Structure formats: structure tokens, C-alpha cells
Amino acid sequence: MNSNSSNVMALTSTTSNKKETVCIFGTGDFGRALAYKMIQSGYSVVFGSRQTQISSLIPKGAEVLSHTEAAQKAPIIFIAIPRQHYNFLLPLAEVLHGKVLVDVSNNLKLNQYSQSNAEYLAQLIPGARVVKAFNTVSAWALQSGTLDASRQVFVCGDDKKAKQMVMDIVRALGLTPLDQGSLLAAQEIENYPLQLFPMWKFPIFLSLGLTVFFFFYSLIRDVIYPYVNEKKDFSFFIAISIANRICPILALILLALVYLPGVLAAIIQLYRGTKYSRFPDWLDKWMLCRKQLGLVALAFAFLHVLYTLVLPIRYYVRWRVNGGVISQVLNNRTDPLNNTYAWLSDSYVALGILGFFLFVLLGITSLPSVSNSVNWREFRFVQSKLGYLTLILCTAHTLVYGGNRFLYASSYRWYLPNAYMLSLIIPCIVLVVKFVLVFPCLDKPLTRIRQGWERNPRYSE
């Protein structure tokens, strides 16, 4: 009872606390949504508009005045209008002198102008203190309150006090300000909302390319070859059999590609004898998208598990099992249990289960809510040590699945090896090179290099 009443009192005190007045130029969707959120947070809001009549769309409690009158009533003015209409501010230059102008605009395409909107505004009104902010938050999220996906607000500006005033407003609205430095960062901030999954492009295009390659590769071996040589129609393999062959192959290859750039980086550092030289651009970009590569690999692993679970209910599988049973009955024989095949089968399944479990664990720890709750050493242990263990288990899972079939000539249809054999190339290379790097003769100098030691230091003490 007491706790409830205290909560009500705390809520009443914070909402009834009126903060300073802020001005918004522009009564569009974003301007109205921003005003609505600010009024909720205790701010007094005044709109600057050509039409001073209060519309039903204007949030209740907001005042509508002319641009000049509105600017005179507030130290901070949010410019919620498109860049092409900034010229109307020129007659207001004297009134806006010393004011904090918050540019919230966005463009229609990346690098639409050679100069960012915020820099253009600062050049247009040189007496004002321009800050770039709020362009990464949508009007819908502000008004509906669903800000979980866009709680961060990038802020940049040349005037530290003006930037601090804007960051205080960001915090008051329940958002998280991120100081991006001077106004030179405005171009990058304005480009940010226009980027469509920038870190996902390489993993997605790579996985699509590999999917197409292994699909046609498996189609040739498993459908076209039997039809040409044996006149058997196995075209129905496309639906599940080939799909269930592609998914584990891509999961294993993409997982190996997560750890391959780290191995390459170690080799480069050992060769250079320093950690202070930049990696090649392609390696830098590769390392930045490792998380996305791992998550795409996990998605293919999930598909592999789902496809495997439906195998017993397939008509083709039931037909083969029933045919085998009937054949034994007609021939009055019973096939004995082969302990070797039983061990291989159980080991194959066990390795797959353990590998998938660790795979899921890696995916969970990559989530921001989980990774933020562990320290760097714990995160590195999971992503590195357990990551390599996952790669070992998944590679062993594939090796045991193939067994010694690679020794049989029938496994090479039209001289093409089974697809699973191709999937082992990159993982085995990564594991072998990593095993070599673990040797003390290489591990110790690599550790020293990563701690700052240089073989040929540029500057002597």
C-alpha cells in the first residue's frame, strides 16, 4: 500500500515539474511527435509556423506562434523542416543569433549533398549554435512510445554547451545520447538512417552465392547423374534432400569464415612484428561482419535440424525402410547388427547435438542484452574458446557422417566429390593453422605483439 502511494507521488512530482520552453519550427509529423513527447516529459512547447491557428493535430498544451515570436520565447529551436526550405530562416538571422538550432532533418539518399544539412544550416545562420540530433528516431516511435529499437540518439556539434543542452533533453525524453564529436560527423549521422543492414550485405550475398553453387552442384550429382546414367527420376530430392544437404554445408563453411579472419590477422601480425599497422581494408571489413556471418550460419544450422527432424515422415524414407523389411522377409534372412556402423551413427548424431548446442550458445551470447551483462574476458572465452570447440565438433560431425566413403569410386559421380567433402576444406584449414599458432614458439611472440611489443620499434625510448 505504501509502496504504491509513493510511486504515484513520485510520478506526479516528475510530470508536474515544468522544464524550460523549447521551440519547434515545423508542424509536420516529426515536429508534432517530438512536441508530444516533450510535453509528456514536462517541457513547455511552442511551435513556430506560418499558420498561427491551432490545428486539431497540434498536441494539447502546445502553443502556436509566428516564427519570430516563437524563437524569442525559447533558447533551443528544433528545425523540423526539409533542407530545401531553410532559406526562410535568413530573415530571422538576428533573432536566431546565439540560439541553439537542432537540425533533425534527413535526406532521401546517401550523400545527397556534398555538405551535410547541419553544416549547411550553420553556414546559413552563422550566429546560431547548430547541433545535429534526433534524425535517427522516427516520428512513429516517439508518439507511440515504442523506442526500444531506436533508443540511441546521435548528437554532434561544435559548441560543447549547446551540445550538452541537447543531450540533457535527450535524457529527459528517456533516450540515450551518443556524442559523436564535432559537426563534421553530421554527414555520417545523416547517412545512418538510410543504410539498409550495412553489416549484413557481405554475409547475405556470400550465403546466397554459396547456396546457388551448392544447389546446382548437388542437383548435378543427385538428380541429373542418376537420370542420365540409370534413368531414375529423383527430382523430388530438390524439396528436402538437397535442401538438407545445403544447410549444414553452409552452416559449417560460414562458421569457419567467422574464425578465418582472426587466423589471417594473427599471421599478418607475426609477419609484421607489430600490431600498430592497419590490416588490409578487405580484412578489416571481414572482421567487422563476423557476428553477422555467425548468425547467418546459425540460421542454416537451425534449418538443418528442422529438415532432419522431418526425415522419418518422408514417403521416400518410409518406402525404403518398408522395402528393406519386406526384402528380408521374402529372403528369410535377418541382417545382423553392425557395431561399427552403430558407433559411427551414434557418434555422428552426438557430435551434431553437441555442436548445435554450442552454436546456439554462441548466438545467445552475441545478443546485446547478454553480451552487455558479461565482462570482456567472459565474452572472449565464449566467442573464442567455445567458438573453436563448436567448429571442431561441427567439423567432426561432418567427418564422421562421411566416414570412409571418400575412398569409394562410386562417391565420385562424373569425377565430382560429394558436397560434404568440399565443405570440409575451409574448416580444416582454419583448425590446422590455429593448431599451429597454439605452439609456444608462435603463441608467445604473438601474445607479446598484441600487448604492444614491436620487433622493429619506430621510436626508441
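Glycine residues also receive a Cβ, built from the backbone N, Cα and C atoms like all the rest.
For reference, TrEMBL has these:
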type	residues	note
DOMAIN	21-107	domain 'Pyrroline-5-carboxylate reductase catalytic N-terminal'
TRANSMEM	202-220	transmembrane segment
TRANSMEM	249-271	transmembrane segment
DOMAIN	249-394	domain 'Ferric oxidoreductase'
TRANSMEM	292-313	transmembrane segment
TRANSMEM	348-367	transmembrane segment
TRANSMEM	388-408	transmembrane segment
TRANSMEM	420-442	transmembrane segment
Under 8 Å between C-beta atoms and at least six residues away from its ends: which parts of the chain pack against the transmembrane segment (202-220)? 238, 242, 245-246, 249-250, 253-254, 257, 285-286, 289, 292-293, 295-296, 300, 414, 416, 419, 422
Could you give the mean pLDDT over the domain 'Ferric oxidoreductase' (249-394), rounded to a whole number? 89
Would you mind splitting the domain 'Ferric oxidoreductase' (249-394) into helix, strand and coil residue counts from DSSP? 121 helix, 0 strand, 25 coil
